[in-house]
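Taken from TrEMBL as is:
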- 12-31: transmembrane segment (TRANSMEM)
- 39-268: domain 'Peptidase S11 D-alanyl-D-alanine carboxypeptidase A N-terminal' (DOMAIN)
- 73: active site, acyl-ester intermediate (ACT_SITE)
- 76: active site, proton acceptor (ACT_SITE)
- 129: active site (ACT_SITE)
- 238: substrate binding site (BINDING)
């Protein structure tokens, strides 16, 4: 059985550290040829914006990302995530609560007596941004809108969204200023939601045909996220608008085998904001070789000609922010011993690579030499018969 025998923290590499990630990216911009200039980013329309690595949480760009602001229907990211994690049967039909669906704003067209499934409502929240869908789902999952909002805030606390508070499942403006978040918190929430396969599949749809109503009939829901068609690599997630919040947008983009998440709050030109930010930030992402311990390891051999066998860690790479490979930590798993025979190239153990406590790669640890099976000792005839005589006269 393998056990963790070593943790390697590569911090000996010389690197230039800047005061902020933004300063670092601007400096790199000066030396690199890119499609989007730093001057272009000064024209970002959003009052608050952020771009993060969806896997590691690294911040590539931020503008007032920690200021609290209303976030409109991007709220529904949390609502859908809670529905999907509720344990309820997503495909079981039920009749919507007639009071819950009496709500203003965008809608999936629910009427009194309509039969739907929770999966239908998730589509209704993420594609046409139905406020009726959000309320109907809240009542179905928690029994009331108020209890569902409590679950939303509890989940926010679990995710350490410290500058986020929910008042409604839909994101509609209310009479208070207690419904708020930050671009940074919404990015963290989106990263968590995109780990859910059902969430990911739904928010990536440009349109979907569903069958619901009273009686149910086929109809199409269209996604309000225009980036799905206009921006390379977009895989979700949610639009939003209210008079108080103005235009809000959370998106995820997959290029170079790396997923970045962008959030803009109060952004008059949000479509272009996201396109510019992705074009800019993906220039700082590349596939990098991960640092290895080149000294190798010795593992004990049982039943072999030699007492041990030398092993090495295989090469590994991962898509990271440029110059961040030095922050990777490696955990080495090796057995206490192996049985002969061992051939060069045999898998002996495993190396796991972590960045910000997230596993980003793994590779085998293999033998670099043979360990032949020891031949059994030839019997000693004299001692063999001596033992026989001792047993005879014992």
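Keep in mind that glycine also has a Cβ here, set from the backbone N, Cα and C atoms.
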Inset, instruction - Fill in the CA-CA distance, residue 73 (active site, acyl-ester intermediate) to the residue listed as 'active site', as an integer in Å. - result: 7
Inset, instruction - Please work out the number of neighbouring Cβ atoms within 10 Å of the Cβ of the residue listed as 'substrate binding site', leaving out its own Cβ. - result: 30
Inset, instruction - Identify, in sequence order, the residues in the chain of residue 129 (active site) that are 6 or more apart from it along the sequence and have a CB within less than 8 Å of its CB; answer 'none' if there are none. - result: 73, 76, 106, 224, 238, 239, 240
Inset, instruction - Indicate whether residue 238 (substrate binding site) is helix, strand or coil by DSSP. - result: strand
Inset, instruction - Summarise the model's confidence over the domain 'Peptidase S11 D-alanyl-D-alanine carboxypeptidase A N-terminal' (39-268) as a mean pLDDT value. - result: 96
Legend entry - For the residue listed as 'active site', the three-state class that DSSP assigns: coil
Legend entry - Neighbour tally for residue 73 (active site, acyl-ester intermediate), based on other Cβ positions within 10 Å of its Cβ: 27
